[in-house]
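Worksheet for the structure shown next.
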Amino acid sequence: MARKPLLHYFNGRGRMESIRWLLAAAGEEFDEKFMETAEDLDKLRNDGSLMYQQVPMVEIDGMKLVQTRAILNYVANKHNLYGKDMKERALIDMYTEGVADLYELVLLLPLCPPEQKDAKVDFIKEKIRTRYFPAFEKVLKSHGQDYLVGNRLSKADILLVELLYNVEELDPSAIASFPLLKALKTRISSLPTVKKFLQPGSQRKPPMDEKNLEKAKKIFKIP
């Protein structure tokens, strides 16, 4: 029996959460080995497991993969979530890069100095309302299909829906004016594998709180 993928990261969302989402949606079970201290990260670096001295790192199918996008692309290819031809893959990449741009803003928000946080939140909300959500809504409207690309599930749908959940934690009303995004969120959330991942007790991680933020800062030696 093949080994399950083993995910090396800290016990929080960060840059691993999208990988958790994609594996879960694909129905591929995985194990996790959490770093608890800076020494745990140093050990991975010193034993040569991290090509660029960085995590996330996933042991999968005999490889030690790093770089979030490379890992996501491998999982998507493995589970037929990456389109049927070059044109579809180009669209999927274009949409997921847009998702990644907004995701990065949300991901780094906890590290924002307190005196700058309100302004940063307002900036993110403005980008959501005027740039990113209208763009994805327009794609869905343009073809009238259930999924972003090729009328079949792809990594673009899964990663966009993960982002929708994250944005709703920041602004519960953000999706209200985008009916097709709301419908996509409901559709993807109803898939048995995703529905299971959204249940309490799954490997999905909660929003970053102060305790986990301080722990992450110590592990990654962030001032």
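Backbone N, Cα and C define each Cβ position, glycine as well.
What Swiss-Prot says about this one:
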| type | residues | note |
| --- | --- | --- |
| MOD_RES | M1 | N-acetylmethionine |
| MOD_RES | A2 | N-acetylalanine |
| DOMAIN | 3-83 | domain 'GST N-terminal' |
| MOD_RES | K4 | N6-succinyllysine |
| BINDING | Y9, R45, Q54, V55, Q67, T68 | glutathione binding site |
| DOMAIN | 85-208 | domain 'GST C-terminal' |
May I ask you to report the DSSP-based helix, strand or coil state of Y9 (glutathione binding site)?
strand
Report the same-chain neighbours of V55 (glutathione binding site): residues 6+ apart in sequence with Cβ closer than 8 Å to its Cβ, ordered by sequence.
H8, Y9, R15, M16, M35, L41, L44, V66
Record lists Y9, R45, Q54, V55, Q67, T68 as binding glutathione; longest Cα-Cα distance in Å?
17
Neighbourhood of the residue listed as 'N-acetylalanine', C-beta criterion under 8 angstroms, separation at least six
D61
What are the non-local neighbours of K4 (N6-succinyllysine), defined as same-chain residues 6+ apart in sequence with CB under 8 A from its CB?
E28, E29, F30, D31
Check each residue in the chain of T68 (glutathione binding site) that is at least six apart in sequence and keep those whose C-beta is under 8 Å from its C-beta; list them in sequence order.
R15, M16, S18, I19, P56
Output, ordered by sequence, the same-chain residues six or more apart from Q67 (glutathione binding site) with a CB under 8 Å from its CB, or 'none'.
M51, Y52
Across the domain 'GST N-terminal' (3-83), DSSP yields 33 helix, 16 strand, 32 coil
Chain-internal residues, separated by at least six, CB under 8 A from R45 (glutathione binding site):
Q53
Count the Cβ atoms, other than its own, that fall within 10 Å of the Cβ of Y9 (glutathione binding site), considering every protein chain shown.
24
